[in-house]
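Feature annotations, reproduced from Swiss-Prot:
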- D74: active site, proton acceptor (ACT_SITE)
- D74, G75, N148, E149, H159, R176, D178, T189, A190, Y191, S192, L193, S194, Q249: NAD(+) binding site (BINDING)
Amino acid sequence: MKKPFNVLAIIGKPRDQQAIQTHKEIYHWLRSLGYTVFIDDRLREILTDLPTEHFASLIELGKKADLAIVVGGDGNMLGAARVLSRFDISVIGVNRGNLGFLTDLNPEDFQQRLQEVLDGHYLQETRFLLEAEIHRHGQVKSHNAALNEAVLHPGKIAHMIEFEVYIDDNFAFSQRSDGLIVSTPTGSTAYSLSGGGPILSPSLNAITLVPMFPHTLSCRPLVVGGNQRIKLVVSPENRGTQEVSCDGQVSLPVSPGDEIHIYQSPNVLKLIHPQDYSYYHVLRTKLGWSSKLF
């Protein structure tokens, strides 16, 4: 029987000794099974006892590997996703973070669950990303991708900003607020949820717009189609420099008068889960929802 995965990559920037140990355990276990294994280049100075030729950059890992094993929390997964979504590679997570909505495997007993995946017993789903572009005087000045959300916000100093929102070039509304969260279904359990946004099933082709502290009592989150293009026109009267934050990890500077174009990326993240994975079980356990009554 042909293996579904032959070349594996271990990704993640560990924050503590336990996470470092998890990286080592996964590496040696996979090598004992006969797999070709590459490791995130950021670990080169930490895992000094491993062969240097087995380290590679994220882009190289995306080109070489069939399956990426991301060790850490959702932050590590988000950082990897923005790069790996450009390549034909599947991704699974081992949770060494906090909530871990995107990282299914427990580091204490990863071997059995990961073995099932390597044997071909798994679920795969695709998660779409957003592209965020900053347009100035008709030119794209900067851009990046986001798996969770792209957020327009005031930058380092909190203050109200003014902007207009267009959906497919149709004017939707203007707003004075602390900013706007534009979220994917994947991101609907992240920053968007904290801002009062709805939880969306990951299979939905939809985007949410969640205002941040709007200066009005009538403003509510808005859900639009996933294929619609969102344009935010920043008022030239705003003071200072604003920012668009992608997944809370990459910041794009925004000047008064700029346009922010946000749309669904052509790239998707191929996310692998154990065969018994249930999104609603994840919601119950991570968000502390009540169990069944009968």
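Placement of Cβ uses the backbone N, Cα and C atoms for every residue, glycine included.
Features per Swiss-Prot, on structure.
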residue	record	CB count, 10 Å
D74	active site, proton acceptor	24
N148	NAD(+) binding site	29
H159	NAD(+) binding site	11
D178	NAD(+) binding site	18
A190	NAD(+) binding site	23
S192	NAD(+) binding site	26
S194	NAD(+) binding site	11
Notebook entry, point to check: Does DSSP put D74 (active site, proton acceptor) in a helix, in a strand, or in coil?
Noted result: helix
Note to self: On the three-state reduction of DSSP, what should I expect for D178 (NAD(+) binding site)?
What the structure shows: coil
Checklist line | Alpha-carbon spacing, S192 (NAD(+) binding site) to D74 (active site, proton acceptor), which is rounded to whole Å | finding: 15
Next item on the list: Whole-number Å only: compute the distance from the Cα of A190 (NAD(+) binding site) to the Cα of D74 (active site, proton acceptor).
Entry: 10
Notebook entry, point to check: How many Å separate the Cα atoms of D178 (NAD(+) binding site) and the residue listed as 'active site, proton acceptor'?
Noted result: 25
Check: Is A190 (NAD(+) binding site) helix, strand or coil when read with DSSP?
Finding: coil
